[in-house]
Amino acid sequence: MQNTDTTKYIIHSKINADGVIERPDIVGAIFGQTEGLLGADLDLRDLQKTGRIGRIEVMVTAKGGKTKGNIFVPSSLDKVETSILAASLETIDRVGPCSAKIEVFQVEDVRAVKRKKIIERAKLIFTKMFDETVPESQELADEVRQSVRVDELTYYGKSRIPCGPNVLNSDAIIILEGRADILNLLRYGIKNTICVGGTNIPPEVAELTKKKTVTAFTDGDRGGELIIRELLQVADIDYVARAPDGKCVEDLVQKEIIRALRRKVPVEQIIEKYGIQERENEDSACRLERVSKRKIRAPEIVPRIAEKKLHKRVKVHRVSPKADIHEEEFPEEMEETGPERAPEKIFEKVTERIPERPAEKTSAAAERVEARTSVAKPAVMARAVPATRVTRGKAAAEKGPAVKVPGGEAVRVSPAPARQAPAPVSPEAIRFRPHVDALKGTLTARILDSDDKVIEEIAVRDLASRLKNYRDNVKSVVFDGVITQRLVDIASSNEIKNLIGVKIGNIAKVPADMEVLTSSML
């Protein structure tokens, strides 16, 4: 084949002849029968002289008085001219004395084959030659960074425990599992670290935790959990941070390390989770002292606000020195103190005696004072006992005579109750308490209709998937589990009005037409 360097296409054709013919007969027939057929520009002899087509290859075999074979015509013409040339071969109908038929079945693109070879060779060159001879810039940076980290790594105590250079000078330290974890944090500039080398906590580390604010940062696997359990028993730690599930601290990148340390939780929150009791020795006393500083004394805020508001109350005088009266103006903040504290705040000592007056002479001002009377509202969804109310009209007149305060307004008085009335049973408790008691500790759920009749009783683990496919008259769900935002959303989509569980989880929003209750509220 000639001019293989310039060949673009190869025309593949097959020939069938009724007789015995040889290669020279076929080549002569091709040149002879196509001469002048396509014009001077596409004459095969001229194209072969100029190198536009290559050497015509013929491979034939004769058997049983017939000849079969293949013809290959290389071409450096473009696609259009090559197609015309291939079609002209099919016009040959005789080779020598025999009738013959030529059929083109493929036009091979030689450049595509070359491209495949180039790709395969490039893969081989890339994998075999570059890995060992040309280091990447990242490898150079890692090598320099590794040398710096090794120089910064120091040791603590007689046991030469690996640690960062700032462990002794820093007020807060991070306890890690091993030396590789320290090197990884040094890579990102965190130098106040020390390792414990497994679940056997060194005494030097346990002693160091008494003097500093300590964060335990462990792997997100079973081993990390065991180290935390050991630290809770022998050391004095303040916070706990965990790597993502299934990951090690030594494999974390900078973003994951910062995110995990920001999500650290106080040790008090995980003591109950791991079932560890605090030690009753001096170490525990130190921890409890620090804990008390971190606790937010939210319960102290509400009484302080209520005390300030009590100075603004209206002073009401009583008829006799032994009778107390209901206060006629309540601060709004009394809602937060709870209904059981409200009766203590709504009575005032009498400072002077006022003679009795008939109830018939009650002025219009007294009626206005009664109209403005407010009552303490319960803090949790109207489930608690309501505070004592000051009634209007005739009922108020029956309780006691009207008296006049120094400001000139008349109010009605009544003796203080000897003790608080018993708490009434809420309708929800009557409806759902039997179901709650029956399901306690069973990890099952009951789906109720509008008449509070049980439609179906299933396991809690199947409740979410079952509610998604439920289309019956479901109005309430009572189950022995935690109420989550996912369950609230599913119940809202099915127009369920009541959702009762053991306790409420992290819920961001609850529909206005849905009651979310716990067994303690009932």
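Glycine is treated like the rest: Cβ placed from N, Cα and C.
Swiss-Prot has this to say about the protein:
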type    : residues   : note
DOMAIN  : 171-257    : domain 'Toprim'
BINDING : E177, D219 : Mg(2+) 1 binding site
BINDING : D219, D221 : Mg(2+) 2 binding site
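Taking the domain 'Toprim' (171-257) as a whole, pLDDT averages 90 in the prediction. For the pair D221 (Mg(2+) 2 binding site) and E177 (Mg(2+) 1 binding site), the Cα-Cα distance reads 12 Å. Other C-beta atoms found within 10 angstroms of the C-beta of D219 (Mg(2+) 1 binding site) number 24, with every protein chain shown included. Counted over every protein chain shown, other Cβ atoms within 10 Å are most numerous around E177 among the binding-site residues E177, D221.
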